[in-house]
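Enquirer: TrEMBL lists 101-278, 524-689, 748-933 with the feature domain 'Laminin G'. Taken from TrEMBL, the feature domain 'EGF-like' covers 280-317, 690-728. Under the heading domain 'Fibrinogen C-terminal', TrEMBL lists 316-367. Here TrEMBL flags 935-958 as region 'Disordered'. Residues or ranges marked as compositional bias 'Basic and acidic residues' in TrEMBL: 942-958. Residues or ranges marked as transmembrane segment by TrEMBL: 972-996.
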Amino acid sequence: MTSIGILCLSSSWVNKSTSQWMSTGTISMPRENSVTWIWIMSFGGIPAPGKSVLFPHKNFYGCLENLYYNGVDIIDLAKRQKPQIIRMGNVSFSCSQPQSVPVTFLSTSSYLALPGSPVEDEVSTSFQFRTWNKAGLLLFTELPLVSGSLLLFLNDGKIKLTLFQPGKLPSNFTAGVGLNDGQWHSISLAARKNHLSLVVDGQVASTAYSLGPEQVYLGDMYYFGGCPDNSFEMKCKNPLGGFQGCMRLISIGDNMVDLISVQRGSLGNFSDLQIDSCGITDRCLPNYCEHGGECSQSWNTFHCNCTNTGYRGATCHNSIYEQSCEAYKHRGNTSGFYYIDSDGSGPLEPFLLYCNMTETAWTILQHNGSDLTRVRNAHPENPYAGVFEYVASMEQLQATINHAEHCEQELTYYCKKSRLMNMQDGTPLSWWVGRTNETQTYWGGSLPDPQKCTCGIEGNCIDSQYYCNCDADRNEWINDTGFLSYKEHLPVRKIVITDTDRPHSEAAYKLGPLLCQGDRSFWNSASFNTEASYLHFPTFHGELSADVSFFFKTTASSGVFLENLGITDFIRIELCSPAVVAFSFDVGNGPLEISVQSPTHFNDNQWHHVKVERNMKEASIQVDHLPSKTQPAPADGHVLLQLNSQLFVGGTATRQKGFLGCIRSLQLNGLALDLEERARVTPGVEPGCRGHCSSYGKLCLNGGKCREKASGFSCDCTFSAFTGPFCSKEISAHFGSGSSVIYNFQENYSLSKNSSSHAASFHGDMKMSREVIKFSFRTTRAPSLLLYMSSFYKEYLSVIIAKNGSLQIRYKLNRYQEPDVIYFDFKNMADGQLHHVKMNREERVVFVEIDENARRQVHLKSGTEFSAVKSLVLGRILEYSDVDPETALAGAQGFLGCLSAVQFSHLVPLKAALHPSHPAPITVSGHVTESSCLAQTGNDATSRERTHSFADHSGTRDDREPLANAIKSDSAIIGGLIAVAIFILLCITAIAVRIYQQKRLYKRNETKRSENVDSAEAVLKSELNIQTTVSENQKEYFF
């Protein structure tokens, strides 16, 4: 009932001041614009008087509905005869639509069998379909004269036509794309003479000509949507399963199929159909995919594509990132850039920041105003305002600050005849604004006490009658500097200065990054001491999506972690038995339970992590790193979780099956519950939990000892040759020529004989029958002395590199015998590479390992113990005694290179020399400086520490074309080869330079910015002649 014609056309006319929307046969409306240019949009045709172009098509004839422009209902305006609308021709506001009877194929076993048409010169069939499924049979029929068959089916959202003929390979034709979009699509198949044609959505898709010399006839039976169960005898083929969706306007030949007759049983045959309605459901409306997940669907369910969202799970609900640097730290991660999702599964997006992993984890949030900024010519009528933009939104910053135990931001304010406050009337002349958008007049180092600075709190202002140095109004540069640490006001968003318009008046400021420490929720915990005790919280609202996560540890065999009830709905998480944790729930479809069973018991007094989730698609539970268990949700059942009771933690409303043990870091949909606050006022429950080292002690490496803290733990690296939060950072030193580090055991005894220190065991009266020695080295000098230990009785141990590059270990445990020598000559150890040495002696038995692959066990002949140990030397021997010639030669040369992670039993001489924490009997001679043995190996030294890295997208592509028209002379060939070789070398050089420049770009830019800031401050301080000592404590900023 429609014809091809104009639906919409717009053009611009010149007029003086009025505008009209025009239309032929339908409606149009105006659009506000300038008084010079008037836009006219026509729907259905072009008004004859104003046709500005020749258009080959007729005006539109048919129906338009849901006609909107920029959200304005055009048809509604036309109905109400608004003056902006001009109607031309016969326009009515009703559409007579042809009646069509749809049919729904409810399952993959559905089918519709219809008889074919009588033999004619041309036979055809057509229909319309809609579906969400990517695959399914649309039509099957036999080709009687050629003894073949025809299949028309949907495959990966495309129409595929396959012809089967005896003695020939199947012929395949493909048409269309994305036809499983839930919209109606039309198919027309026709057979005429000896060829077939296929039309999809009005476009000719394919034609097959080689079907034999005879007239082609389609079969006497058409199978739509699938095949009957007894279709084997009829040879009906269904390679990809049945069709699920809707069909309508089915015609065979020139006859429209009467589906009502099919429904009455008077025409054809069918199974599992729903006639006279299309039962397709749009499962992506509303879209239950969260956080920008892309929804796709099939007949029974929907799917969420979470790619590039930062989330995972059936509905993209769970963040793939941790909520804080503290959480990353306790996964064993080291300092670096990390994505943080501060509200977990909540609406806030993850963002990138820097985590500085010290004894506590520091979160560092940069902004755009870290440079030193100088201000002149500002007064109250023309104030200066510096605005700071951070790497995260204010909502993300607020969530991060709320998570942290402590936050601070250093604000430095330099002033010369620039006051912070007008002392006459007390009005502020400079101030800053935090995230609450309130004016703050206190400055760095002060509490939220109006108009005070650090010197006012400490009582050491340059002028005692003021609370800030700048208020003294001196004609010289002074400053007020300190950390702002009131969390509710951070971060600083703006600074306003109004007093730099007087002669010689000037100010300068610098704002450091926002620094936040710790995670309040990560260690927030409660201990449940009786089975009848529990904590209660407000009702948990997770109607469509709910996730719960927490840590627990216990010695009990069972107990309920959490329960929340509704009228019939509920959720419950419990320890059912020592090895089983279960998640049970009911959303109105009947109770369901899924559980995780462990090969080991959960009641081992170790921390275990539980995470459960329920959403529109499924429910799941995971404990620790065990495989998760899931339970799919019914396709058309109840979906809303409706709870109304209080949330019980550690027990139930009946006070039965209560939990005995500790629960920590309980979070519901990304929000942490404050267990400690509620536990303080609840009988039978205590705030906090002890025993973190039992689970996290393994994070302390290289001999570090785990120490319990009220909230968490720390690693004590006192007796480790390493440092850092997990004792994982090697302490290394570069030894210059003739340098040495000497640890004097006898002096150590005199210092510590009255103490209980381990070092007191090393003294002149003690005998040493065992030692464990570990160190790494790198050098190119031979001979070299790596380590030498001597006694007062001319006994010694030396580890040297001989002149031939072999590693030799020489033990002399008896002054009257020759030393025992252990050789490692499998390679030159002075090759500039990093080598690792481990030695362990138990009396006469020595076990040595070199580079984790060369191992040797030796029995000493010279003795079993050292007597009266004197000193331990790294590098050159300064005092000679009776030693063998090889040791003497190496001792005279000393060591030139890098020594790292030197450990002698519980002594760490390099750490004592480079990081002294208390007085130690250490003597350093020559040039010994802290260095990194890894950094000089030629590899990326940070690669061992880096946990997260960014992909280097810079690359190369070989665009060289092959040589053509080569001259066939020897000289030309040689010259060509040389030219090609030079060209390749130049390309390789250019590529290498480009990659090097790409990798250096960020670092160089940041270094340049830092140098600019430093130079600006240097110029300012030089001009001001300010001698400012700045503490570097807790200021490991990343620039």
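Glycine is treated like the rest: Cβ placed from N, Cα and C.
Where the annotation comes from TrEMBL, it is an automatic prediction and has not been curated.
Explain the structural surroundings of these features, please.
Expert: Mean pLDDT of the predicted structure over the domain 'EGF-like' (280-317): 91.
Long-range Cβ contacts of the domain 'EGF-like' (690-728) within its own chain (Cβ-Cβ under 8 Å, at least 6 residues beyond either end) map to 329-330, 332, 334, 357-359, 361, 518, 522-523, 553, 605-607, 662, 758, 774-775, 901-903, 906, 908, 910-911, 915, 917, 945.
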Enquirer: Top stretch among 101-278, 524-689, 748-933 for CB pairs under 8 A with the domain 'Fibrinogen C-terminal' (316-367)?
Expert: 524-689
Enquirer: Using DSSP, how many residues in the domain 'EGF-like' (280-317) fall into helix, strand and coil?
Expert: 0 helix, 10 strand, 28 coil
